[in-house]
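Visitor: For reference, TrEMBL lists these features for the protein:
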type: DOMAIN; residues: B:17-239; note: domain 'Phosphagen kinase C-terminal'
type: BINDING; residues: B:20-24, B:H78, B:R110, B:161-165, B:192-197; note: ATP binding site
Protein chains: 2
Amino acid sequence: MNRHTSTWIRDAVNTEIEMSSRIRLARNIKGVPFTHMLEDDEDLEALGGLVSKMLPGYSLASLDGLSVQDRALLVEKHLISPNFAKRGTRVFINGDEDISIMLGEEDHIRIQALGTNTTLEALYDKAGAVDDTLEEKIEYAFDEQYGYLTACPTNIGTGMRASVMLHLPALAATNKIQRFHNNLTRFGFTLRGIYGEGSEPLGSVYQLSNQVTLGFEERVIINNLSELKNRLIEEERMARQHLMTLDTLDAVNRSLGILQHAYKLSLKEASMHLSNVKLGLDLSYIELENFNFQEWFQLIQPAFVKERVNTEEYDSPGIAAESARAALMRELLGGK
Amino acid sequence: MNRHTSTWIRDAVNTEIEMSSRIRLARNIKGVPFTHMLEDDEDLEALGGLVSKMLPGYSLASLDGLSVQDRALLVEKHLISPNFAKRGTRVFINGDEDISIMLGEEDHIRIQALGTNTTLEALYDKAGAVDDTLEEKIEYAFDEQYGYLTACPTNIGTGMRASVMLHLPALAATNKIQRFHNNLTRFGFTLRGIYGEGSEPLGSVYQLSNQVTLGFEERVIINNLSELKNRLIEEERMARQHLMTLDTLDAVNRSLGILQHAYKLSLKEASMHLSNVKLGLDLSYIELENFNFQEWFQLIQPAFVKERVNTEEYDSPGIAAESARAALMRELLGGK
């Protein structure tokens, strides 16, 4: 298993506001009970064998063979869901780590395509190509009237969830984000923290995604989402104009100074400072080469930090992690 | 008038805990009413003429000829008292700016000698030499039983105030400073902020001085004060041992990062960060060349900062000052 960040995120140096996108398709096998009703692993094992043959370029990881830490790394890389890390069985990942197929998530099959500097359309084509390949040998649970049948009714229809990760520090600072969230919900979309449902937004990074999967074609949902995304980006740009103040210049530079010098950083604080530095770069208040907001934001997450911890040196794992996170920031930002 | 810091403080690079010392002698002319009882300037004018002749190497400044800003600079350089800046008449300052003679402070004559990397004894000799010179031509108000007579009874006797400036961040952090203050008061000494009576201590810099001037010879007071000073330094050293933690390592380095990067700094905040960085250097948690705590602590004071302000650029003088203070720190600490 690759314990480093994925290629696609390492190359994501110059993104602004729009960070990355993701398409996820939920599919189930006709005539087989949904995952939570399965009495044994037989059906998923058979499915795993089939997918292995159909997708020869993918590496297969059995969740049984992965430690809690390995699973957490996959979650932070967005290759598996937090839910799948707890209860999943097998995951297929391509070489570039921008496509994953989870077997035995809430649905039998979940196909994900993700990436940066790309479009939802392109990702839908990618995920769709995998979907088409699998459909050659697998008969999906499909209803002429409703579409794809899924374990949870919120996914019935297209079975598609499209998401865009957005860096919205100005909207977050001015508390406009809550108003947008409320409006979006009424149109069947949602705006929430980047690491899955219910998580608190860190570093002003939000995930815009569709909630409604039924009654619209995939490309219609993607179009609507893209329009909302552009609207949000435009609003963020306008809000940033009002943030062009001495206070912001001061705050973003202090954040840089703290990241370059601190010896202890909680996830929450590091996220905030990284977000500030990114804003400072976007506003040309700061100049920095090789700053990679997306990758570094991933590297400060708990599992990635744990990879660097020498627990014996410290009183508690918490302190060891905060210390390792600070050392990483100093190293990446050229502090001492 | 020299608008820069004095030579003696610019050379004070390597002081640790003990910063600078000062001796002040209060004298009055026999047969002349105390300053606040004087009806006109005649006596002080005559005195000024006399001192000019006796101390030819000194430059004389008439307070009338100085702007509010110039007077404030002299206060921050410790060459005149805040009280004298408001109501004084003439001040004589030697070339090294380590001796000043105020005419028409609370007392007719106040002789001050100050410096760093020196002893109270040496400063007492310096001030005493000036005192002896003046006494050749001036008959002081002196009582065989009490000693020198002064406008305020708290100065009667020796007329001497000896002070040592101490950097006590560890005692301040552990709140031990208040206990010391209470004990010292009982022995006729006091511990307070550096810029004169009643001022809030900034940057954990305290002034230890004698309150009692009557009943003890000068050298006895100086000896007692030196012993107390050594005791405080010892206590500060011990308290620092308990501060050798990751939290302190983190705090002092963050302070360095903030001073190197901030674009707005209040006096209070800049003092605190400078104090932290100085502590970090003393604990070998930070390495920095040419760091001059004493001089920089003076340079962040309001009048010194005002020298650097371009008021037209900013909405308010307060913001302009905070911005200029931050720019100074970035410049001195090699930030951007």
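Every residue gets a Cβ built from N, Cα and C, even glycine.
Automated prediction, rather than curation, is the source of TrEMBL annotations.
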Visitor: Tell me, by DSSP, whether B:R110 (ATP binding site) is helix, strand or coil?
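Guide: It is in a strand.
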Visitor: Looking only at Cβ atoms, how many others are within 10 Å of the one on B:S163 (ATP binding site)?
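Guide: The answer is 24.
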Visitor: Mind checking which of B:S20, B:I23, B:R110, B:R192 has the fewest other CB atoms within 10 A of its CB? They're the binding-site residues.
Guide: B:R192
